[in-house]
Amino acid sequence: MQDGRTTLSKFLIDTLDRQPASVSAPGLSALLIDVAASIKTISGALTKGALGGNYGAAQSVNTHGEEQQKLDLMTNEIFLQHCEWDGLLAGMVSEEMDEVYAIPETYPRGDYLLAFDPLDGSSNIDINGVVGSIFSVTRVRDDQRDAPVTESAFLRPGNEQVAAGYAIYGPSTMLVLSVGTGTHGFTLEREVGNFVLTHSDIRIPEDTGEFAINASNERFWEPPVRRYVQECKAGRSGCRARDFNTRWIASMVAEVHRILMRGGVFMYPRDFKTPAMEGRLRLLYEASPMSFLVEQAGGQSITGRERILDVVPARLHQRVPVILGSRNEVARIGRYHDEYDRGEDKPFSSPLFNERSLFLPETPA
Ligand code: AHG
Ligand code: MN
Ligand code: MN
């Protein structure tokens, strides 16, 4: 670029299209440009706020039994319209559609699959808070290429994603993306409509003093998560010997973005509030793409007991526990799950034993 800036198109052409045939992903850059077009359209609509006439409930529920907002449906439609025509996709799934959306026969069919959450954190809409969109791209397997696209085509582990990303609609709109070569952030230059690379090769600090969890669910958590949070809350006088800070924005996009920018841990763990649910977040279009971005930025993402990218989905709208962020903290929480499952963390099952000042002898200086 003459002005030295890297637009999204330049980045994608350099990273994907000018690669040897063996590593190239034909058409992926064009597909991602269409996804970016969806995001620009959504950003424009959200910026209008209440003046856009799209606030309020849609009088319908999605497959999770959640009341849909008009904006949930509108943003879903924007993704479909921008991405269905280009001949690169075989099908799409979304939080707001019960079934697989097969590409209409009027358009050519490609062999990529797109899973998306068109509007993440939609409870923030009414308060003019931060929301986002999340997407994940995989490829139809060779043996399914000629078959009609059904649910089974999408039931692949996240480690098979060829691209993943999110948009964050905050004071500025950003697209954060990975095609497997690190995690990169682009800021929307609204006046000209370009996404410009502003955050190249984002790295998550390995250590952190910040964690995010919806503490109102504490009584439903499993012991290893309680142990971790209690230790953090004990702060400088506890066994961690440092103070921690908490955050909760109620939008996974906003939490992950903060973690990519300055580190931290985000948890929506398994809990016993609704045991059948396993977790709150959806594997295909929330947990999997975010785990891809976090790992590509040097962080970790686990259910507590396994790497999220290795979880093989059993259903389109499957939920999964999520613990992600700074690698040393996530590893610690994974270890707490392991110790709990082996019955090795007995002395820690009481919060009192986590307080150095209460029952544990002071370590000599
Ligand atoms: P969505 O708006 O797409 O349904 O997702 C909301 C999700 C996630 O983004 C967020 O972390 C979590 O739900 C918030 O949950 P609480 O309602 O427990 O705060
Ligand atoms: Mn969501
Ligand atoms: Mn959503």
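Even glycines carry a Cβ here, placed using N, Cα and C.
Binding of Mg(2+) 1 is annotated in TrEMBL for ASP117, LEU119; the matching candidate from GLU95, GLU96, GLU99 at the same site is GLU95. GLU286 is the residue from GLU278, GLU286, GLU295 that TrEMBL records in the Mg(2+) 2 site together with ASP117, ASP120. Rounded to a whole number, the distance between the Cα atoms of ASP117 (Mg(2+) 1 binding site) and SER123 (substrate binding site) is 14 Å.
Proximity to GLU286 (Mg(2+) 2 binding site), defined by a C-alpha to C-alpha distance within 10 angstroms, is shown by the following binding-site residues from GLU95, LEU119, GLY121, SER122, ASN214: GLU95. Taking only the Cα positions, the spacing between ASN214 (substrate binding site) and ASP120 (Mg(2+) 2 binding site) is 16 angstrom. SER123 (substrate binding site): 12 other CB atoms within 10 A of its CB, across all protein chains. With respect to ligand 3, the binding-site residues GLY121, SER123, ASN214, GLU286 contribute no residue with a C-beta closer than 6 angstroms to one of its atoms. ASP120 (Mg(2+) 2 binding site) sits 10 Å from GLU95 (Mg(2+) 1 binding site), taking the CA atoms of both as reference points.
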